[in-house]
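Enquirer: My questions will all concern the structure given below.
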Amino acid sequence: MSSFTHFNDQGRAKMVDISDKKATVRTAIARSSIVVTKEIYDKISHNEIGKGDVLAVAQIAGIMAAKRTSDIIPMCHPLLLKGVDVSFDWKQSDEQYRLLIEVKVKTEGSTGVEMEALTAASATALTVYDMCKAVDKGMIIGETYLLEKTGGKSGDYTRKS
């Protein structure tokens, strides 16, 4: 495990200087999920949620969150993102409906986009909750995690199952 780089000589927080790092293509894929009732699943599927098209709004929220990550995560560098893709997949078991959220982020720069992907996945799930809470507040946001990252000095990473 490498040492922490976000502390100065006095032990105080600092933003890491990345000016000497080589600009490379960097990608990250993050996942999250939200479990909803059959009623919410049906309303989302038939576009019957009063606030609008849940998946379209959540997708836009995820993209916006990726772009604004450095505004809410203190030590993240502002990045020029080259692409953000938010996708959805439903999984059903018994009366449980799980909306799987996957976010892919890409840049060419001196630092990775893991935090942008994770922030986007989280904001996407939170937006689904916000738009559907009038129907049922018992929704459960699942684990949010990094699935994969490429590029940079630390190399590639793929989450083990």
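Cβ coordinates are placed from backbone N, Cα and C, and glycine is handled just like the others.
From Swiss-Prot, here are the annotated features:
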| type | residues | note |
| --- | --- | --- |
| BINDING | Met75, Cys76, His77, Met115, Glu116 | substrate binding site |
| ACT_SITE | Asp130 | active site |
Enquirer: Using the residues the record lists for substrate (Met75, Cys76, His77, Met115, Glu116), what whole-number Å value is the largest Cα to Cα distance?
Expert: 12
Enquirer: In three-state terms from DSSP, label Met75 (substrate binding site) for me.
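Expert: Coil, per DSSP.
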Enquirer: For the recorded positions listed here (Glu116, Asp130), tell me which residue's CB has the most neighbouring CB atoms inside 10 Å.
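Expert: Going through Glu116, Asp130 one by one, the largest Cβ count within 10 Å is at Glu116.
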Enquirer: What number of additional C-beta atoms lies within 10 angstroms of the C-beta atom of Cys76 (substrate binding site)?
Expert: 18
Enquirer: Between Met115 (substrate binding site) and the residue listed as 'active site', how many Å separate their Cα atoms?
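Expert: Distance (Cα to Cα, whole Å): 22 Å.
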Enquirer: Apart from Met75, Cys76, His77, Met115, Glu116, which residues in this chain have a Cβ no more than 8 Å from the mean position of the Cβ atoms of those residues at the substrate site?
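Expert: Close Cβ neighbours, site residues excluded: Thr69, Ser70, Ile73, Leu79, Thr111.
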Enquirer: May I ask which residues of the same chain, at least 6 positions away in sequence, place their Cβ under 8 angstroms from the Cβ of His77 (substrate binding site)?
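Expert: Once residues fewer than 6 apart are set aside, His77 (substrate binding site) is near Met15, Ile18, Ser70, Ser110, Thr111.
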Enquirer: Around the C-beta of Met75 (substrate binding site), how many further C-beta atoms are within 10 angstroms, looking at every protein chain?
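Expert: That number is 12.
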Enquirer: Taking the Cα atoms as reference points, how far is Glu116 (substrate binding site) from Asp130 (active site) in Å?
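Expert: Rounded to the nearest whole number, the Cα-Cα distance is 21 Å.
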Enquirer: Round to a whole number and give the Cα-to-Cα distance in Å for the pair Met75 (substrate binding site) and the residue listed as 'active site'.
Expert: 27
